[in-house]
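For 108-142, 240-274, 341-375, the entry in TrEMBL reads repeat 'PPR'. Summarising the annotation, TrEMBL assigns domain 'UBA' to 633-674.
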Amino acid sequence: MASSALKKLATGPPDARREEIIRLCSTGRVKEALHRRFRQCLWSEPGLFSHIFRACRALPLLRQLHAFAATSGAAADRFTANHLLLAYADLGDFLAARGLFDRIPKRNVMSWNILIGGYVKNGDLETARKLFDEMPARNVATWNAMVAGLTNSGLNEESLRFFLAMRREGMQPDEFGLGSLFRCCAGLRDVVSGRQVHSYVVRSGLDRDMCVGSSLAHMYMRCGFLRDGEAALRALPLLNIVSCNTIIAGRTQNGDSEGALEYFCMMRGAGVEANAITFVSAVSSCSDLAALAQGQQVHAQAIKAGVDKVVPVMTSLVHMYSRCGCLCDSERVCLGYSGTDLVLCSAMISAYGFHGHGQKAVGLFKQMIAGGAEPNEVTFLTLLYACSHSGLKDEGMSCFELMTNTCGLKPSVKHYTCIVDLLGRSGCLNEAEDLILSMPVQPDGVIWKTLLSACKIQKNFDMAERIAERVIELDPHDSASYVLLSNIRATSSRWEDVSKVRKTMREQNVRKEPGVSWVELKGQIHQFCTGDKSHSRQREIDECLEEMMTKIRQCGYAPDMSMVFHDMEDEEKEVSLAHHSEKLAIAFAFLSLPEGVPIRVMKNLRVCDDCHVAIKLMSKVTGREIVVRDVDTFDEELDSTMIIGMGFEKTQAEVALAAADGDPNVAIEILMSQQG
């Protein structure tokens, strides 16, 4: 029947045969379009070869088609030759593309643009720039290709210079060029230039264009101007997934995770279907808040939407469950992927590091290598972190050697920070300091603070004083350095020196970040501060806490007075310790959550040693699972259900979003490409 239809078309009117060739090409049926019955039509109308070239997805076939077009004489037609050039560029055969380009007798702007665009897409900006400079005449599309290529490669300053040169030549940028330019300003965090371009957009009447408006909003949000960004989106004629993703990602990146989740719910209510990018941002917001219940709901919606097996979504889920203390759920998500994916494995290695399972992290790394995956800098960063927080000095040093010598990767200051932490925890303080002074990258404040913290742990107060001076000199407005130095001096009861540190902080207008703990109850976040009495159930909380402290004293608990870094009487110190924010949050959770439900508390600062011991005993005497996450590390105690933890680096899915400058259209390509 199909053969009969083809025969009928082949003998039918030329227009019918032409339309059938176009239809076959549009559905990828190139070989059928080349059937001998259609060849007379192709000989007589060379322009039809453009459809065949666009439909070709394999180089061997394209080369055969090239020969066929050359035999028929169609390749001599500039329009046809340009489409053949585009096909070679799209398939990455730039040797053939350049050869064809050089043979086109009368090249036009389109010929140049196709080759430049191909090199830009392939990341060869040097060759693209050389061709750009050789062009006899350029149009807006030429400039757009270069601006977009430079922006996508992170060369934002050069991209901005290209745009200014374009304006000097009298070119009027279109919506595509403006979209790239706003991403360029976002990458530079240059809101001043962004506002200038915004003014041009308003004068040009393009501020209601969906592409321009979304990129404009993204620029404002990346620069920290959420209201301006959302105002730009509200001005658009309709709400679509791109604009919604821009708002959600913008709020997440600017620390407004609650606002991101609110908008996610509003978007769903408005009938806009979420995609993979939406779920990555929503899950990341739940991760930042450690809101397990909300994270589970978003996970369920991702399953319903059919994107739960998309690697970036899986990666963000692994990260979220890990940060909420649910390592088993992280493992369950990871095991749901059938292959070996570098991004997903790196996230799981990071999760093991959060929970202090260094051996499992090393084991997964070896399994990943055996599966053929090639580790990158992020993979090694998560692995070194896992080793340092599990006390695996030998394994960590071996991994660092593997990274630098075998894999040939260049360590960043973050990798060296992990090694310093590893050495510091092992008591090798001098070796750690020597490493900082000799490493080939510039040390930052974080690596020195890591060494300072190790000095405190190892009680090497002389070195701590020296390192503290260096840290404060690097960043005189960072409260953490002053607090560490003050606590080190308080440990030795050097109260006059403690007063000097606090006086310096007042003079420098440096404020210590207050300790805050929070717990989620029925979708609401309840916050507690040390000594805070403002909660509506404060009397019940105090009574519950007093009862709990009595029970753990009977199990051998003794307040660790060294954890109070103020000159006061022991009785006052004991009262202060008993009312740390995490203890208040746990007491509230005992009062509010049903029996048997795990208690999950988050804290913005590190949990002190006294609270660590007290909470383990609370878990023991009540038989209740208690999970506390702080800014240090997950440490799972086998003799109880106490977990202490932190959030570390962003997942690679979030890195992909950042690499794409948060632009949903670009980010989705990067995120989806990670699956391969």
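The backbone N, Cα and C atoms fix where each Cβ goes, glycine too.
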Which residue counts does DSSP yield for the repeat 'PPR' (240-274) in the helix, strand and coil classes, in that order?
26 helix, 0 strand, 9 coil
When the repeat 'PPR' (341-375) is classified with DSSP, how many of its residues are helical, how many are strand and how many are coil?
26 helix, 0 strand, 9 coil
Segment-level pLDDT (mean, integer) for the repeat 'PPR' (108-142):
89
